[in-house]
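Feature annotations, reproduced from Swiss-Prot:
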type     : residues                          : note
BINDING  : 147, 148, 283, 443, 444, 446, 497 : K(+) binding site
COMPBIAS : 163-177                           : compositional bias 'Basic and acidic residues'
DISULFID : 375-390                           : disulfide bond
DISULFID : 410-420                           : disulfide bond
REGION   : 1-108                             : region 'Disordered'
REGION   : 161-181                           : region 'Disordered'
TRANSMEM : 136-158                           : transmembrane segment
TRANSMEM : 166-188                           : transmembrane segment
TRANSMEM : 212-245                           : transmembrane segment
TRANSMEM : 264-287                           : transmembrane segment
TRANSMEM : 288-316                           : transmembrane segment
TRANSMEM : 434-454                           : transmembrane segment
TRANSMEM : 465-487                           : transmembrane segment
TRANSMEM : 519-545                           : transmembrane segment
TRANSMEM : 569-589                           : transmembrane segment
TRANSMEM : 590-612                           : transmembrane segment
TRANSMEM : 630-649                           : transmembrane segment
TRANSMEM : 650-665                           : transmembrane segment
């Protein structure tokens, strides 16, 4: 409590807190809180001798961000006052005067009674007051307490695409609102399994064996490894992008478009959409191939006995059945998309069972290989679909008669007088084991490639029979297409796509930033292992001619991979059929929603119609367009021709994902803070290079077409072309590029994600034109991890015509210092008659177009208390007011000479952030930027916030930790409780001393003695040039003072001066009897209490960042404002006072 000496001056000074719930606290949006409509709170003054301890110790509310308290302040500075609360308001001079209700004095200027608002007669609608945060109360409407925001900032809602429409439709039909379920899916169910289902597909079952047989084990292993490396590098880049903020529902398109902008985002989004649509066509074609070739071959509508026409007939069958399947699947998606999602797990189970059957069969083949004989004529493979026996003759009733094979190669069914094929005559028909098994050593024969032209007979590579041509009408197994390494790359690549399935479900994930990287990378590792191991197993277990037999003609029409599986080939056939059907349904479900998301962004006007949906959110028009494009893929009818098209679009998409990550990393934008740490721009660049190489390796003409399509979309969206203004060589090119870039920059404020500190550093110069505080420039260089603009400015007071040379010299001095401190930026000096005007001109006019500063950096005016000249601190406060009016952020470095140089490096320590009021998030962003510099890199960030009596400090700490997690900022969190609201004697006396000093200086300035008159006259006449620094330059007071000095001395003026001295002595006598103003006591109480807790927690911190209170609305309180700031920062070595510009500079979203 109060010491005895304090009681002689005051009876009792206490705060009485009466908590009251405010019902109209404004709601806050997830991205940018609405800070403009905060309701005000009521304050009244009363007198009480005692307040029960329970009124200060009991927690009043546990609702963070939803309720706040209304403070009822009891303040009785004099013991002779009456206890009636109305006594406080009886004096007319104590009426509240705000900016809108100011009294107009005789001089025509608005003037309030106190420096700050003193609202003792409260009316509804006035400003917000808080017992412990009185210093910040004037701006509580625009800079609210942290405790009132944390709950809304930490808890955001993530709706999936169409979920809002679904919910609204259900509410309309059911007549009541159902609570929205929060996302609960984890890494395994939400990312890992969907990625497995989308990566494993038709290529694994229908084409991988053929790829191994054609390319050989070594080249096939290389193809699979390159494709898997491409997707792994892309997944790393995607993980960095996905963990750079809260991923909205919408997945990959939103990640790419928000990372690269609307032009690239629209182009890549459409490429991704077309890829997904053609994937649906590919899966449908795969399902039809399994159905017609392996399950029900008799269902074929078109048939041909001619080997050359058989493939054409098969393509027509694929078109008919494919169209029918597409219509059926579109109806399923249109009517019941929920059933598609419900059966997804069943389709995934089919895939997993099929893969396990392959491994089981490979293991079993090592000791008991399955019996699948292959009929060979010499080295040539025969189709066993129409053979009754693998022999030229057969025994019937003890008689040797020609077999069906004889009839295929001879023109007569009789042994005599038959003319047979020459190769048939000279070679024997033998039967070999199609699956020799793992221990057979067949792996050595399958190591090397065996590429064939179209129509070539498949035969053993050891002894080719190229000397005798075969008749294509015979029952040979033929190559249906011309094969090459590049073709196989294009065909196989779709089997590794699908890595974005997890990010597409981002809205359903409980913690997307954790689940997407882990689940995606684990899924790629799993699928890569399966593919690579299957390449080796297929080559080690299956005969080469069987591997190259794409449709299983040599093994009686069985699926080749099915012949290896255990317990039955039908496990693979049925499993692969259902898995391809499921994958097709998933593609037809996802592609329309992707198109709908692109259309809703309204970046491509002619797609706007596809953004409309049914009442339940289903994109009907987008589904119809998707079906039409998929039909084009089905009309192609060949899986081997559709796969390279699909590869192009996915490779284009992956290329831009890697490009986005590489650009963000190299540009080092402040918003680029991925929680996933294992990325590097070199990995992204390597992934981008592999994607580009694969595009041209697989099909160079398809690659060019895909790029042209993407380029046309980019051009359509925004690109208008740069003017060819070359000038004189490289400099002309640089000027043209700079002009083009400046014109492209937005004139308006940038998006929160793109905000970076563009600094205007105000430096002080001494009489020799040297920088007084070079460490301020050092600090600015350490902040430039944001890679923004830096302008170094200073003001020389004088006449421009006379001081132009000095300005050039000072500019060169500053440039040399900038070079020494490695600050890349521009220097701007202004010669002005008055310092305030010069600073105002700098703040208003620096920069060009979109490259304008948004943050002002300046030093604290040290020694302002000791200076007789008030211009030092008046210039400082004027600068604060100008930056506030310009909506710029302000950084004030106190004790800047103690700040570290670029050579010093802290090996440990803390950067402490005291987040008291929210003003845009600058306090969160600055320590992150500082930690990017080597000087501060090893420091840890600690964030403190203040809890009042009514706040739930435990919930505040949880909310703050959650908010920082979403911001991707690693920091230690602590909530400091400030429950004690007693005003101490020290606070009271400190306020009294402050007010006495201000009053005394005011009297001294009004009654200057004449002993300085002659000295001042000589000094003014002899000073030809006076260069003053920011903080101690000419002001309007200069003219007034000089008028006093140069006045003519008369008897009347002497008598007037003598009377003024007597009046001045009476004023000094009044100082001894004055009592401190109540509002100043409360503000001093805030400064003292905050300083106590800050010094207690942060006295050893390497740097303390603190909210800077705004200057008083009434200029009469400027000196008190400086005193409050001094008290607030006493006892701290390095302090950075931060004042936001009023706009959000940091966001949790990507």
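Going from the start of the chain as shown, residues are counted 1 onward.
Keep in mind that glycine also has a Cβ here, set from the backbone N, Cα and C atoms.
Keep in mind that what you see is a predicted model, and the values were worked out from it rather than measured.
On the structure: features taken from Swiss-Prot.
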residue : record            : CB count, 10 Å
147     : K(+) binding site : 26
148     : K(+) binding site : 24
375     : disulfide bond    : 24
390     : disulfide bond    : 18
410     : disulfide bond    : 18
420     : disulfide bond    : 15
443     : K(+) binding site : 16
444     : K(+) binding site : 11
446     : K(+) binding site : 25
497     : K(+) binding site : 26
Original post:
Under an 8 Å Cβ to Cβ limit, what residues of the same chain, 6 or more beyond the ends of the transmembrane segment (569-589), are close to it?
Top reply: 197-198, 200-202, 204-206, 276-277, 279-280, 283-284, 286-287, 290-291, 294-295, 325, 329-330, 332-333, 337, 340-341, 343-344, 346-348, 350-351, 353-354, 357-358, 558-559, 561-563, 623, 626-627, 630
Original post:
Are there residues at least 6 beyond the ends of the transmembrane segment (288-316) whose Cβ is under 8 Å from a Cβ of it, and what are they?
Top reply: 205-206, 322, 325, 455, 472-473, 478, 480, 551-552, 557-559, 562, 573, 576-577, 580, 637-639
**OP:** Find the shortest Cα-Cα separation between residue 443 (K(+) binding site) and the disulfide-bonded residues 375, 390, 410, 420, and name the residue that gives it.
**Re:** 375
Original post:
Do the transmembrane segment (519-545) and the transmembrane segment (264-287) come together with 3 or more C-beta pairs under 8 Å, pairs six or more apart in sequence?
Top reply: no
Original post:
Mind checking which residues reach the transmembrane segment (434-454)? Cβ under 8 Å, same chain, six or more beyond either end.
Top reply: 212-219, 362-363, 365-370, 372-374, 461-462, 479-485, 536-537, 539-544, 546-548, 554-555, 563-564
Original post:
Going by C-alpha positions, which of the disulfide-bonded residues (375, 390, 410, 420) is nearest residue 446 (K(+) binding site)?
Top reply: 375
**OP:** Compare the Cα of residue 147 (K(+) binding site) against each of the disulfide-bonded residues 375, 390, 410, 420 and report the nearest.
**Re:** 375
**OP:** Across all the protein chains here, work out how many other Cβ atoms are within 10 Å of the Cβ of residue 283 (K(+) binding site).
**Re:** 29
**OP:** Write down the Cα-Cα distance for residue 375 (disulfide bond) and residue 444 (K(+) binding site), rounded and given in Å.
**Re:** 22
Subject >> Nearest recorded site to residue 410 (disulfide bond) by CA-CA distance, among binding-site residues 148, 283, 497 >> reply: 283
Original post:
In angstrom units, rounded to an integer, how far apart are the Cα atoms of residue 148 (K(+) binding site) and residue 420 (disulfide bond)?
Top reply: 95
Subject >> DSSP-derived structure type at residue 420 (disulfide bond), helix or strand or else coil >> reply: strand
Subject >> Beyond the flanks of the transmembrane segment (212-245) by at least 6 residues, Cβ under 8 Å >> reply: 252, 255-256, 259, 443, 446-452, 483, 485, 488-489, 492-493, 495-497, 499-500, 503, 506, 512-513, 516-517, 520-521, 524-525, 527-528, 531-532, 535-536, 538-540, 542, 544-549, 651, 654, 657-658, 660-662, 664-665, 671-676, 678-679, 683-684, 686-687, 690-691, 694, 753, 966, 968, 1147-1150
**OP:** Express the distance between the Cα positions of residue 283 (K(+) binding site) and residue 375 (disulfide bond) as a whole number of Å.
**Re:** 32
Original post:
Per DSSP, residue 410 (disulfide bond) is which: helix, strand or coil?
Top reply: strand
